[in-house]
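Colleague: Dropping a structure here in structure tokens format, bear with me for questions.
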Amino acid sequence: MSKTAPNKSLGLTLALICAALWGASFPLGGVLAGKLDPVVLAIARYAIATLCFVAVFIFSKKHTLKKIQSKKDAILLMAAGISAQAVFFYFTILAYEYTSSGEIGVINGMAPFLTMAAVFVIDKIKPSAPKVFAVVLSLVGAAVIAYDPSNKIQGLNLGHLFALCGVLGFVTYNYILGKFGSDLNSRYDLYSSSFYQFASATVALFILAIVTGADFSSAAVLVENGKNLGSILALGLLCSGFAYALWELATLKTQDAVITTMALNVLPLFAMIVAYFLLGEVMTL
């Protein structure tokens, strides 16, 4: 496969679609949070996504699973999957006990700033003035969206820390894609790359579940009613399988992790809107 040519407009458009899906994922997770073991919920989400790609390989004649060609590729794909899925969603689920899904979505809106900081610190690449302005503006917007005078929990709390740990996992994922994505794309298509990432996350979470003694029987709540079942299927198929493959394509098109994560500026907006209709969370002016 040849190296993907940059197409920043298309990349940002795809990233905006992902931001909308991920914004919706926080309220969807809120539907299930507290009803079953957090690790089991995370395993269910990413196992569904993994099985989605398995089905593609089985039933599609156009797509076959590409074998991993080196230890470096295996490490990068595993690191991307574990950081973006296992770390990100697990800590997000833990955060639900202490804060609202809307605020979690807002904290995830910090990803552009944190990604820009990572690129600057690690690669010594100084961001342009427009990038800095856009990132600062996004942080101000996130603070405005998060403000709720009726919120009984004032200031920082443990939920914010958990959410921040989750978004740091996602920043790690974006850095890996931005730095090594084009190289990996020369050997693996989006389907194979996504499969390895989701499978790695699922295995890592399963090991965590065994170590922590997670209650697997709590998964029964997922099929207890249509709302729960619909939520986990949407999380696994749309917000995970489809969205992450689309995000990887978006990053390959922009070839700039900072630019791609700019699309996440709208993530808090979608999180708040869906939380309002799905969970009845308050929206303030």
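Just so you know, glycine gets a Cβ as well, placed from its N, Cα and C.
What TrEMBL shows for this protein is this:
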DOMAIN    10-146  domain 'EamA'
DOMAIN    158-285  domain 'EamA'
TRANSMEM  43-62  transmembrane segment
TRANSMEM  74-98  transmembrane segment
TRANSMEM  104-122  transmembrane segment
TRANSMEM  129-147  transmembrane segment
TRANSMEM  159-177  transmembrane segment
TRANSMEM  198-223  transmembrane segment
TRANSMEM  229-247  transmembrane segment
TRANSMEM  259-279  transmembrane segment
Colleague: Give the one range among 43-62, 74-98, 198-223, 229-247, 259-279 whose Cβ atoms make the most pairs under 8 Å with those of the transmembrane segment (159-177).
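Modeller: Selected stretch: 74-98, with the most Cβ pairs under 8 Å.
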Colleague: Do any residues, 6 or more residues outside the transmembrane segment (198-223), come within under 8 Å Cβ-to-Cβ of it, and if so which ones?
Modeller: 32, 35-37, 39-40, 42-44, 46-47, 49-50, 53, 77-78, 81-82, 84-86, 90, 229, 232, 240-241, 244
Colleague: When secondary structure is assigned with DSSP, how many helix, strand and coil residues does the domain 'EamA' (10-146) contain?
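Modeller: The composition, in the requested order, is 109 helix, 2 strand, 26 coil.
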Colleague: DSSP helix, strand and coil counts for the domain 'EamA' (158-285)?
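Modeller: With helix first, then strand, then coil, the domain 'EamA' (158-285) has 110 helix, 0 strand, 18 coil.
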